[in-house]
Amino acid sequence: MAIQHPDIQPAVNHSVQVAIAGAGPVGLMMANYLGQMGIDVLVVEKLDKLIDYPRAIGIDDEALRTMQSVGLVENVLPHTTPWHAMRFLTPKGRCFADIQPMTDEFGWPRRNAFIQPQVDAVMLEGLSRFPNVRCLFSRELEAFSQQDDEVTLHLKTAEGQRETIKAQWLVACDGGASFVRRTLNVPFEGKTAPNQWIVVDIANDPLSTPHIYLCCDPVRPYVSAALPHAVRRFEFMVMPGETEEQLREPQNMRKLLSKVLPNPDNVELIRQRVYTHNARLAQRFRIDRVLLAGDAAHIMPVWQGQGYNSGMRDAFNLAWKLALVIQGKARDALLDTYQQERRDHAKAMIDLSVTAGNVLAPPKRWQGTLRDGVSWLLNYLPPVKRYFLEMRFKPMPQYYGGALVREGEAKHSPVGKMFIQPKVTLENGDVTLLDNAIGANFAVIGWGCNPLWGMSDEQIQQWRALGTRFIQVVPEVQIHTAQDNHDGVLHVGDTQGRLRSWFAQHNASLVVMRPDRFVAATAIPQTLGNTLNKLASVMTLTRPDADVSVEKVA
């Protein structure tokens, strides 16, 4: 499967607002988001095309919500398998941990299998929507330098020609071996696992059983995963003394596959590849005008499928902030909140992935025996079983500082958490997901109240200049009540009753939602104005031009 890049004219001595190093998933997502915000973007990739073999196989609800934010989710969904369960098995085949959450609080299934090259291709094609975005393949980044107001990149083409790019900002999405990170001497702290795994992808799935199974066999742990489009992935631990070359030999590959298939000779191999699992975290995510994202900032073992999804979180968190800074709507201090918000959660996902790997393949054999016995007992405790079944162990992103205003008891506050995405009913009767009604914008969402009531004219002017959507949520039966309509306010019905439950639970009637769908603040009408002033301050927002007149509607 070859994904050719479009015929693009070279950019020699060109100036752009953002240069992105790396056309992997994080770089492509950054380019799509910035593209829809009107930012001039240039993506440079040293390969001559997208990587066309399967890599990541798990995409979660947060990543799908990110795809939705750039208008690509409907193109991505055909390459996914929703509600993809993960089951840990003992050597005898007994399931001791079943992970299959059935919740969709963010609008999408929490666990999904997917084919990464096809989703990457969707994102690359998505760039064609934006005349302000270009992607240059076969460009190796040889050097770069930072000045006070720009970054200069020096590239070499496949033909040996030199090109120079000047950008206001550089986003490094160039992978775990990031040239940008190494050039800046940013420590990449962590460790490399002592064992390796060989990944075998097979077409025309010879098993065709659903879900993903992690067999905790002390002789040789392995993974069996059903993927979309009839692809089967097997992963086998490489045992001490074995090499990739040995395992690639037909007789040894046949021996491996005979562990999981009745006829190991009758398969269509897509590829075989040995991986080393790393757990590393960059010490800094921002170095002046350079920002690290995705694997350039953090890498983790695959066992919870969170490497790809963590990169999507980086892109969603960073892109809207970078757009505001470039548009002059916020000072560049806002970009410091990127590391402040993302680094701790990335570390939590690394720790979770390492723990899952130790469950699959404990360092000591006695630990596996203990695991099997304890898990058997815990399965008889319903709260513990639900804890795993509903994936409550997954650290949900929660920010305690950054671009937000937290007041009251931090432990139970929704501030710094992702807001829910239920279905809402529009005034024309259409039912849609909440984000579709908001777009790539801030939102001030009020339960039953006019969100403009507690705002001054100056505040309305400032937040409208950011593209903020003001939304009044009412019970669905009230959607056509004229007395509740206010100019400049979107009126939506609470189709599923989830928004009413959310506001009741959190003792607030107004929420300020950021473009990345995180709760920046909560309030009631009488405190909203003061809260927005605090939020504008912590986000270092600039004031709009004074000659822009805005009429407040009470």
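Glycine is treated like the rest: Cβ placed from N, Cα and C.
Record features, source Swiss-Prot:
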BINDING   17-46, 285-295  FAD binding site
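Swiss-Prot feature annotations superimposed on the structure.
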residue : record           : contacts (Cβ under 8 Å, 6+ apart)
GLN17   : FAD binding site : ILE39, ASP40, VAL41, ALA167, GLN168, TRP169, ILE326
ALA23   : FAD binding site : VAL43, VAL44, GLU45, LEU47, LEU50, LEU124, CYS135, PHE137
MET29   : FAD binding site : THR66, VAL70, MET123, GLY311, MET312, ALA315, PHE316, ALA319
GLY35   : FAD binding site : VAL41, LEU127, ARG129, PHE130, ASN132, VAL133
PHE285  : FAD binding site : LEU291, LEU292, ALA293, ALA297, TYR338, GLN339, ARG342, ARG343
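Here the Cβ of VAL41 (FAD binding site) has 27 other Cβ atoms within 10 Å, regardless of which shown protein chain they belong to. The number of other CB atoms found within 10 A of the CB of LEU291 (FAD binding site), across every protein chain shown, is 27.
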